[in-house]
Amino acid sequence: MWTNIHARVHQTLKDSCILPHKSNLLIAVSGGQDSLCLLKIMIDLQEKWGWNIAIAHCDHGWASDLGIADHVEKIANNWNIPFYLKVAKAMKETEAAAREWRYQSLVEIAEENDCREIVTGHTLSDRSETLLYNLIRGAGSNGLGALTWKRPLTNNINLVRPLLKVSRGETLEFCQQFALPIWEDAANANLDYARNRIRQELVPYLKENFNPNVETTLSQTSEVLKAESDYLEAEANKILLSAVNDHNSKLNREVLKGVPLALQRRVIRQFLAKIMVSKPNFEQIEETVNLIDAPRKSRTSSFPGKIMLEVEENYIVQKRTK
Ligand SMILES: Nc1ncnc2c1ncn2[C@@H]1O[C@H](COP(=O)(O)OP(=O)(O)OP(=O)(O)O)[C@@H](O)[C@H]1O
């Protein structure tokens, strides 16, 4: 039986072409409501799309993960789907370390089993929470449009998120409707994690006091910002290529002078990303943008290590301090 969610996901896949017909899909299943909903939908759409489906699970090896891998394996066996497991050894208990290891493990499983598409259960709710999380940390429109439908993980393997128009409330209802055995992850209750506080405290507060549809509107904002930032990044890159020299050591200010500030900032950020080890911060970008119209010999002072930029005639030149 197809539900409204099946029909919406099917339509999204038809419109967006994010998942090719007849491909091998590796579904990343955590055991939670989102990935179980995803798994059932992919199985139900499988015949229409000619996919081969396999399940991947990543066990962090933490005490709180005990039992999840067996639970997911049982689901795979019940549905007669190949199951692949990676288990971490002595992994740090941080969100960032866990995420990095998970994506690396998923790529390994995909490579070992000839899958080009890794599919995750990220929802519209995750997208709105990611926007809030990145906004609070000071991201620009690149970061606010971060959770996308498809992105490459390697030259051959993509991460695909077909549920970005489905909310977490809907995935729960879906699992209840089909009696799917959701694993309640204890880590989701841990309010030490910023993301859990956004999900459990901030979003409900915004829904109740500002906008009951805040998840949908933020998710749409993220979609719009993604398209705008992709466009601006591409334009900025063209300008950078015409302003920078072969060694990435100097920028022609004359090329940048007539350009709108929104693009100047992006060109400078892309330039700094080439010459710095760490990501350039807001002050460093602003200081460098100011050099575009500054008098000769003006220089930066906010860079780490020995990096310094100085105006020499028509150029902003990278120099080493002593
Ligand atoms: N342990 C796991 N094993 C396999 N897949 C997982 C696991 N944890 C998460 N996933 C996949 O990632 C999706 C998103 O889960 P979650 O939001 O917890 O991950 P995240 O890494 O925090 O997300 P993000 O990429 O936004 O940082 C899940 O729906 C599932 O498809």
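Note: Cβ is positioned from N, Cα and C throughout, glycine not excepted.
TrEMBL lists 25-201 with the feature domain 'tRNA(Ile)-lysidine/2-thiocytidine synthase N-terminal'.
Taken from TrEMBL, the feature ATP binding site covers Ser30, Gly31, Gly32, Gln33, Asp34, Ser35. For Ser30 (ATP binding site), other Cβ atoms within 10 Å of its Cβ number 18.
Confidence over the domain 'tRNA(Ile)-lysidine synthase substrate-binding' (251-297), given as mean pLDDT on the 0 to 100 scale, stands at 95. Under the heading domain 'tRNA(Ile)-lysidine synthase substrate-binding', TrEMBL lists 251-297.
Summarised by DSSP class, the composition of the domain 'tRNA(Ile)-lysidine synthase substrate-binding' (251-297) is 32 helix, 2 strand, 13 coil.
Among the binding-site residues Ser30, Gly31, Gln33, the ones whose Cβ sits under 6 Å from an atom of ligand 1 are, in sequence order, Ser30. According to its DSSP assignment, Gly31 (ATP binding site) is coil. Sequence-distant contacts of Gly32 (ATP binding site), defined by Cβ-Cβ distance under 8 angstroms and a gap of at least six in the same chain, are Gly121, Ile182, Trp183, Asp185, Asn188.
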